[in-house]
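What TrEMBL lists as compositional bias 'Acidic residues' is 190-199. The annotation compositional bias 'Basic residues' is assigned in TrEMBL to 263-273. As annotated by TrEMBL, domain 'Small-subunit processome Utp12' applies to 744-846. Annotated region 'Disordered' per TrEMBL: 172-204, 263-283, in sequence order. Look at TrEMBL and you will find 5-46, 47-88, 89-130, 131-172, 350-390, 431-465, 526-567, 568-609, 610-642 tagged as repeat 'WD'.
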């Protein structure tokens, strides 16, 4: 492991490295995009524009623009250098699955689950072409053959291949001057003469690009495409479905195609001579299968989630696969071999489980953690977070540490109890305990035995005993079946009371039955849940029992009379696990809604929510001292939570919860409408968030402070005039903190601190009453020549959204006139400076290149002379030998 990029609480849905390899764009489930610097590991840029998960990211070939596609059907183009959104492209009717920039042209291709592939002209920001040849969702796209071909993958086993012809390249030999040159801008095609565009006018969308289907390549997989991609050179194409096979294809270059054609022509001529037929020479063409050849199929050890590949200069293909079961595998493929065979070079499997962890347990000394899944039991060191033992097991459902922490017992889905020795990591004993799954296991408070509950409607009591092993002299631990309690329904959970007098049993009929342990007589029935009770626990003093059910409720009962104290709506989905904190009436619950919550069973209050998991939380375990909680989830992670010494104030927690809810509601609100803008194909890139509202509030506060200070200054001048002497002016503490700056300079400081990506959205929610003051201040700043680029951007946006009100306001006419003069002169000055600097840099570049060429030729001459000397020396030696 080299680097960890710390994100926020949302799950990562998409990754894309920049062309220079120094940055990584990361898309999240909440629709945000963050750009990380791979040298420092920090996220410098955050883009908020999408309302749903980001599904596709792509940089242009220079790395200056980033385009993102999302489940909310929008495509947004971002300016990475200016850290702001350029525009939003609307047109897809379902989630966007892939986005591709065309290097040579200013064009964008997007595919979606709405079966469409759309072509966008980024000069005019509109969709000029839609491919409709797919019968189902388009899941992937790739460009090959120097962007002359497009390959699309759909829900069937067909890879469709499309030929791309750029209209600018189609020139008429009779009228060479009639068409634009190859380097002309897209969209500049409309001034061509009428007779030439007669054919194109029938298809007005074909003014930039012609796209025709060439044929199909058949995959071996029958399911949908998951990932379809090429390497950087575009020579290798690979794809995979929802299975374990990665299919690798080789794409012939133009030179290789010509060589093959030449060979085919020669063969055809030879054949014609042999047949002595004098028929006219038929045109020889390569089939699509000959141009795009299957290289190999790579079979991974599990289902593939994603992949990437790199072609080394030596012709070796390196492939990295990310698998569904939490493994990363690396393969090498030698393309120069007669029959290329993929060789697995390495894999990363350290630590975690290959499947969901269904049971957790803490050792009595709070140091070791047991986690068990469908294939293995792992023991972890809590302080170092390292896996110290891995033991193969059957599908585990429940577990416990045997007193002494030297052995562990696992209850399995097949009804077995497996006893493992931790020192040797070996399986000591397997017992067929139940005829169905062992759903629950509980250690007796006297630590001499345990109880198990299974799907065979039995509760079985077991005792630990030492038995003599035939192979060794020493005795070893074993389990002895003592008693059985037969019930009418499947047993889901069993728990002992701390005084070992009562046993609580949760049944499939939604009730919890309490029995006396000594006689196994029935004591209480706790009924009230609408669905089965999946988990429960009894408090340390034996007075309370809390039950968690699939009906999403937690009920707190008294164990003396079996009365329900309170029913709490705990989670948005089934409550999967519940456990009391040692020596208290606080308890934790885990739910299928991916949350862990802490509750107070005396006051019936929700204390706090632990958010970190992204999918269902299956189980949790509390350390015996109550300082640690470990949880396991369907997102393949184990999370360890530590109790801090920081006091928890419930009012503050409620306030934070309300703030979080408000922030979520702001994001879901309808976006403000920009005057004069229709809800067409394009729109603003950003979206209204709590940050943009805060930024607008800061600007408003700064302008209000400026107004107050200007009013005070006016008043102060009047007082000085009346007094006939200079009276000291009271300084505002805020301005003092900024180094005694002027009120107008303070407004500029606040303005500069607004994030570039949030500027437009902040100005959009700014009331018009603040705009006149802002325009006057802009005039002042631009005349001083400070932050011209930022101010011009804000000014043009304000003029665009408040055009009607500004033009109808006579007070602002002179301000706008002055702004016009100031901005034009300052912008032309800035352009002159940039032009001068560019020319200077190009001159320096030419100078350096010229020097490099001289040194290169000098080095070459030296090498030539040295070779000559060596050759002469060798000749002399040969002569001497002769």
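Including glycine, each Cβ sits where the backbone N, Cα and C put it.
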Intrachain neighbours beyond the repeat 'WD' (5-46), with Cβ under 8 angstroms and 6 or more residues off its ends: 52-59, 61-63, 66, 68, 70, 72, 78, 80, 83, 611-612, 614, 635, 687, 755, 757
Range from 47-88, 131-172, 350-390, 431-465 with most C-beta pairs under 8 A to the repeat 'WD' (610-642): 350-390
Contacting positions for the repeat 'WD' (350-390) when only residues 6+ beyond its ends and CB under 8 Å are counted: 302, 325-327, 396-401, 403, 405, 408, 410-411, 420, 422, 425, 618-625, 627-628, 630-634, 636-638, 640
Long-range neighbours of the repeat 'WD' (131-172), counting only residues six or more past its ends (CB under 8 A): 94, 97-98, 100, 102-105, 109, 111-119, 178-182, 184, 186, 189, 196, 200, 206-230, 234, 237, 239, 251, 253-254, 288, 292
Surrounding residues of the repeat 'WD' (431-465) on its own chain - C-beta under 8 Å, 6+ positions past either end: 397-400, 402-403, 409, 411-417, 419, 477-500, 503, 505-506
Helix, strand and coil residues within the repeat 'WD' (89-130) as assigned by DSSP: 0 helix, 24 strand, 18 coil
Local confidence of the prediction over the repeat 'WD' (47-88), expressed as mean pLDDT: 92
